[in-house]
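Before any comments, here is the structure.
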Amino acid sequence: MAEASGLVTVCLLGYLLSAECAVFLDRENATKILSRPKRYNSGKLEEFVRGNLERECIEEKCSFEEAREVFENTEKTTEFWKQYVDGDQCESNPCLNDGVCKDDINSYECWCRAGFEGKNCELDVTCNIKNGRCKQFCKLGPDNKVVCSCTTGYQLAEDQRSCEPAVPFPCGRVSVPHISMTRTRAETLFSNMDYENSTEVEKILDNVTQPLNDFTRVVGGKDAKPGQFPWQVLLNGKVDAFCGGSIINEKWVVTAAHCIEPDVKITIVAGEHNTEKREHTEQKRNVIRTILHHSYNATINKYNHDIALLELDEPLTLNSYVTPICIADREYSNIFLKFGSGYVSGWGRVFNKGRSASILQYLKVPLVDRATCLRSTKFTIYNNMFCAGFHEGGKDSCQGDSGGPHVTEVEGISFLTGIISWGEECAMKGKYGIYTKVSRYVNWIKEKTKLT
């Protein structure tokens, strides 16, 4: 029995020794067996996981200093900390128009691409949208940011968007105190800008039948107040008040070419209001030179390129009753015209074949779309002309108003957009007034008159 018991003891000891040899492995094999598999960590924090970050800040709450020990870099720690404290504020993609979102603690910042501003890059500040919020002219600078500018005689205000007078009597501005301006403001109209193809080839015909009447009138208009249209001038020649015109600067007036007759002496009267009495605001000047547009040819068509310049013998004295009209560049002259309505003025006939007005008349006329304009007449409407007026008739420019202004007001400043040219009768139903489109001649005007 004792022998059997000893044999069992020896066997157990041998088994334990063999088992011990199987349990204790070398270091390399033991590391393979005992290494903990990496736990999956989803989301933006994965890129920050280094060293003990997961143990320090994900499995447990950590402080900024503890996270700093892991990153060993303040900038990277700060980026991690912004998301760690309150989550990713950029997760909802709040930045519009391809803006880049940068997360922050309890907030975010949008880095906007050129042409956009605002908390979420929601404001389009390119010139194509509401004129870049500029009150007159807009262009993009070298960095693609909006740069506002003003016409001659004005300067940018502190907001760098509005324009304020830089001279005592700047163009297009009514300065007579008692006149209350009720014209349409342009700030809500810039969003409707419609750019016309300025390279469109003009239609030229060799023989065109002439319409019955020059436009020398404002039919259905209202009496203007003294100084309400201080750029308006009266032309006297063989007869008085045969045409109108507009002051460009102290030495030059623009009118219609068909108003000019060879060898006929012309005088202009600026500051005129009531032709039947002297009001001590009038200034008379002699015309010493006339310049017809180089494309004007009355033998082919009396009203095509119907524009002329008159040089005065002495400069006009600018004041509240004698003020030049503003002339924009070609692009903006066309844009302003497309605002949809303008003002015409003159001393022409107050009804068809009737008497001429003694007091300056004015009328607000809507722009007529080109298709309607073409359908309204058998005569040729060239691309350098436009139609304005009322389909129902009763209101129009008329005989005696030719050469006078069609102006568009922009933020209280009036710009020349047309010249009264011709029409079929006056104020007839279904007929419109035809005007010379000033945008086509801006460069020529500025070149000849040295207008800046």
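Quick reminder: no glycine exception, Cβ is built from N, Cα and C everywhere.
Of the listed cysteines (Cys134, Cys138, Cys163), only Cys163 is recorded by Swiss-Prot as the disulfide partner of Cys150. According to Swiss-Prot, of the candidate residues Asn29, Asn197, the site noted as N-linked glycosylation site is Asn197.
Listed in sequence order, the recorded positions near His258 (active site, charge relay system) (C-alpha within 10 Å of its C-alpha) are Asp306, Ser402, out of Glu79, Ser92, Asp306, Ser402.
Distance between Cα atoms for Glu79 (4-carboxyglutamate) and Glu72 (4-carboxyglutamate): 13 Å, as a whole number. For Glu75 (4-carboxyglutamate) paired with Ser92 (O-linked glycosylation site), the C-alpha to C-alpha distance reads 24 Å. Comparing the recorded positions Glu66, Glu72, Asp306 on other C-beta atoms within 10 angstroms of each C-beta gives the minimum for Glu72. According to DSSP, Asn297 (N-linked glycosylation site) sits within a strand segment.
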